[in-house]
Amino acid sequence: MYPSAAAASPPRRDFISVTLSPEEGRGSGGYNNSKAWRRRSCWRKWKQLSRLQRSIILFLCPALALCGVISYSSLGEPWKSLANKSLSDQRTEAAIPGLKLANPAVLPAPQKADGHLGDYPELAPQKPPKLPHGRRGPPSLQLKPPRRNVRLKTQYDTSKAVEEPVQAEREENPERPVISWRGAVIEPDQSPEPPSGKVKEAEKPSSVEAEEQKEPVPINERQVAVIEAFRHAWRGYRAFAWGHDELKPLSKSYSEWFGLGLTLIDALDTLWILGLKEEFEEARKWVASDLVFDKNVDVNLFESTIRILGGLLSTYHLSGDSLFLEKAKDIGTRLMPAFKTPSKIPYSDVNIGRGTAHPPRWTSDSTVAEVTSIQLEFRELSRLTGDDRFQRAVEEVTRQVHSLSGKNDGLVPMFINTNSGQFTHLGVYTLGARADSYYEYLLKQWIQGGKKENELLEDYMRAIEGVKKHLLQRSQPKKLTFVGELAHGHFSAKMDHLVCFLPGTLALGAHNGLTADHMKLAEALIETCYQMYAQVETGLSPEIVHFNLHAQKGHKDVEIKPADRHNLLRPETVESLFYMYRFTGDKKYQDWGWEILQSFNKYTRVPTGGYTSINNVQNPSNPEPRDKMESFFLGETLKYLFLLFSDDIDLINLDKFVFNTEAHPLPIWVPA
Ligand code: DMJ
């Protein structure tokens, strides 16, 4: 259904074939005689020359040869790059069915009408210039920028032209924190210090201290397709929802959740990683001038931590721009009232303007996943600012949850009470909604802290054993391994799409030295998650599936209930595909991700800009668009697809970074 690039690519020719004429091949006597004759005749002529004439010729020959060598080396490069360009363009077009680089109908021409979005920029690779000493914040964690071997536009080459002014600026005023962004100069905001004091000189993430800059790896055709999808989504957001939380692409409007530009912040580091420099600069300007947290709004602690705090921290690490750290400290500080509860288990909601917090109206419970999946971000905020209040607050939660009763072989219930600090609604266990990222953050915190916090690892290992013992089953007819749910001793063959984070997390654990069994389980589960897409009419997974435990004629493994057949553009499967490809190098994972991207493009893309959630993955003729683009589509789904298609392990190196649950990479404190 979806041809793989390998199948569609023309055979590569890495050789030049020279065909000799039959005469030349055989060699005639006439040819040899004539050559010998010419040699003799030349020698005779040389002898006839005077000594002076011979000396002049002997002097001129080497001089001309030298000139030739010099001029070839300066003129040769442009010719070489011209030749490369046309070859790579051809390969791109051959590998992506229907893709014509010069054809705006497929790679739409950038929108000019609004006067902001320029043409596809030429992002030629360059090493990020070293930032001046004394600037606040860590050295830029700038990863080698992905290089385009597929040129979308060859209008101009900015790489050298822009680096020179940066250099000049630095020499003129070495103290001024000029941030270079792949050739662009970004003036840092002159905003005042955040409310609660000075952001301390950040610790240098050791992961980058000694990193030598290697040559960037060129990006490939599938990555170009992701960039194109991102730009399409961004175009819609920019035109109809700029600065608002979410795009409503069909009604060409927006919806607000917290009123904090959620999509824009969630997408900042994706813009960076994809190399979308103009868009990044424009978004940065919005953050500098319009992102204000001093607002009388209730925000959800978990959602604003993983999307806003996480997004700002990772963008700070990637760009080295202190604006993002200042904003991170501001929002982090404003979220702290959530922890003022009788038990120190945080409330779900905080008013970031008033400094008050509360649980939801109907209960004093918080969700377990929510209170245990904010640790990566707050710990990192403490490390960067030197203010340990953030870390202490979240580690108190970890400490309490670690020793609570009510677990079932490491599996946790879904709710925890903010007064008593005890689990509630005991007896129900899932790896899906309300519990999922508890498990993810056990492992990831252990990795973040340099694999020293043994209790985190113990809880993680015990939980995976619990999953194996209570929740793993195999479906019929394909015998797909899946993770079901347990309610008061009764097994349910129900699996949320959210559970598809698990293969990636298991693979990450195995990569970090945990048992190879985890990798085996990861391989089995990612196959299942893929089938949740492949067995459905649109090629897109529903929100929830039920697996068949007994073979029935004409039935597939996956059953979908009418209430569950929506797709919210979620990332978990492509996230796991990314980890699986990174750790195994098995191209089938890239091919599966490619199929999923095609399906998103076919059924969720809105022609006027943006992508939409859909209500019915089983109806290709009318998938019933929902008119909403979730911020995680840009923050996570497209980012993971881009990384999945990359062969550059240094593009967010997993021995140096750990992704938060919203796909924002944070540095590992003591890297492997
Ligand atoms: C994201 O906000 C995060 O990945 C979270 O952990 C789960 N839900 C969404 C994506 O599906």
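Residue numbers in this text run from 1 along the chain shown.
Cβ coordinates come from backbone N, Cα and C, glycine included.
Those TrEMBL annotations? Automatic predictions, nothing curated.
Bear in mind that the values here come from a model prediction, so they are computed numbers and not experimental data.
Annotation source TrEMBL lists active site, proton donor at Glu303 (among others). DSSP assigns Glu303 (active site, proton donor) to a helix in the three-state reduction. Cβ contacts within 10 Å of Glu303 (active site, proton donor), excluding its own Cβ and spanning all protein chains shown: 18.
Residues annotated as active site in TrEMBL: Asp436 (among others). Sequence-distant neighbours of Asp436 (active site) (same chain, six or more apart, CB under 8 Å from its CB) are Ala369, Thr430, Asp496, Leu498, Val499, Phe501, listed in sequence order.
Here TrEMBL flags Glu543 (among others) as active site, proton donor. Under the three-state DSSP scheme, Glu543 (active site, proton donor) falls in the coil class.
The Cβ neighbour count for Glu572 (active site), using a 10 Å radius over every protein chain in view, is 24. The annotation active site is assigned in TrEMBL to Glu572 (among others).
A C-beta separation below 8 Å, combined with a sequence spacing of at least six in one chain, links Thr661 (Ca(2+) binding site) to Ile306, Ser373, Ser437, Glu440, Tyr441, Phe501. The Ca(2+) binding site annotation in TrEMBL covers Thr661.
Look at TrEMBL and you will find 160-175 (among others) tagged as compositional bias 'Basic and acidic residues'.
The compositional bias 'Basic and acidic residues' annotation in TrEMBL covers 198-215 (among others).
Marked as disulfide bond by TrEMBL: Cys500-Cys529. Under a cutoff of 8 A between CB atoms, and with a sequence separation of 6+ in the same chain, the neighbours of Cys500 (disulfide bond) are Leu525, Ile526, Cys529, Met532, Ser541, Glu572, Thr573, Glu575, Ser576. Under DSSP, Cys500 (disulfide bond) is assigned to a helix (H, G or I) in the three-state scheme.
Residues annotated as region 'Disordered' in TrEMBL: 108-216.
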Rounded to the nearest Å - Cα separation of Glu543 (active site, proton donor) and Glu303 (active site, proton donor):
19
On a count of neighbouring CB atoms within 10 A, which of the recorded positions Cys529, Glu543 is highest?
Cys529
Do any of the recorded positions Cys500, Cys529, Thr661 touch ligand 1, in the sense that the CB is under 6 Å from one of its atoms?
Thr661
